[in-house]
Amino acid sequence: MSCLPEPTVLTQLWVDNPPRYSQAQLQDYLKVIKLPQRFLNSAVLKDSSLAHTKEHGLPLLKAITRYHACNVPFENLELHYSAHKTITLDPVELFEKIVTRRRGGRCMENNTFLGTVFRSFGYEVRDCGGRVARAMSPYPDVRKNQAYTYDGWNHMLNLVYLEDEWYVVDVGMGSMGPNLPFPLRHGFETMSIAPRKIRLQRRPIAESHASNPTKGTELWCYDVCLKPTKDGTEVWIPTYAFTETEFLPQDYEVMSWFTSTNPRSFFTRYVTCTKMIQDEEKEEIIGNLTLFKDTIRETIGNQRKVVRECKTEEERIQALVEIFDVNLTDEEKNGLPEERRLA
């Protein structure tokens, strides 16, 4: 029998009092992501009703998404360095973590927070769920033998409505994510981080009990092509699939619990941290910096190089400060279990 007291309230969406950030909080956030003055002059910031328009709402949506990806890391440090090893998806606590403490988070943290930011600016936002493709698995045997399959529901993204169509907004897939808003259209294809291309298709996934795979339930499938060609021989990598169904906080509570506690989860096994790199003059993302376990790599276009190899835990903590602007507290530095520490 559990010795915990019975809960008096369970997770839900508080429809009568939905989470929003104050104007002062939003201004603090825009400083954290270093949004340039030309975007701070957006008419949306003076009249929130304009957030629904493509003329005013879309440019600001693109800018905030890009600057967020380049200044708020995709990281799982809480699961390794914190004393509690737990994740919160409460928007109030996420503001404290991301804006006050200058940290980041995984998909559900980053996209819950950013969705709340956009709603606070007046945007119409729907939270959705996805399945990450096993072609993205960090485990070689899984990539080799199960690349055509998908995980269970373990990813979060946002849909933002502008005038007459939805736009996909996702800052929670690290270096393989779109990191730019794009329309929810079957067959849509665009360059994301040159020369990389992304596409969106509505199709059944391979796993289905349907007698004919083509009769399976269709999902929106987001794919990435790392090396586009002109002869039609492009290789598209399944990245994740998602549905337009609205997911609620209690859905993400279940999803986050699994991905943050399961010993087979990528997040519980490896320390990782990613920030995107942008060319501010061209207003586009050109690459990323990623820490994976003990190595930091910089990728610009299709060129990748090792920036730093960390031999000790002290070196990894210092690299988080110098390269990712992430400062762990003394408690966090001592929170990593001995068996996970670098020698």
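Positions of Cβ are set from backbone N, Cα and C atoms, glycine also.
Around the Cβ of CYS107 (active site, acyl-thioester intermediate), 27 further Cβ atoms fall within 10 Å across all displayed protein chains. Taken residue by residue with DSSP, CYS107 (active site, acyl-thioester intermediate) is part of a helix. What Swiss-Prot lists as active site, acyl-thioester intermediate is CYS107, and the listing cites similarity to another entry.
Around HIS155 (active site, proton acceptor), taking its Cβ as the centre, 29 other Cβ atoms fall within 10 Å, counting all chains. The active site, proton acceptor annotation in Swiss-Prot covers HIS155 and rests on similarity to another entry.
For ASP170 (active site), the count of additional Cβ atoms within 10 Å of its Cβ stands at 27 [all protein chains shown]. The feature active site is assigned by Swiss-Prot to ASP170, with similarity to another entry given as support.
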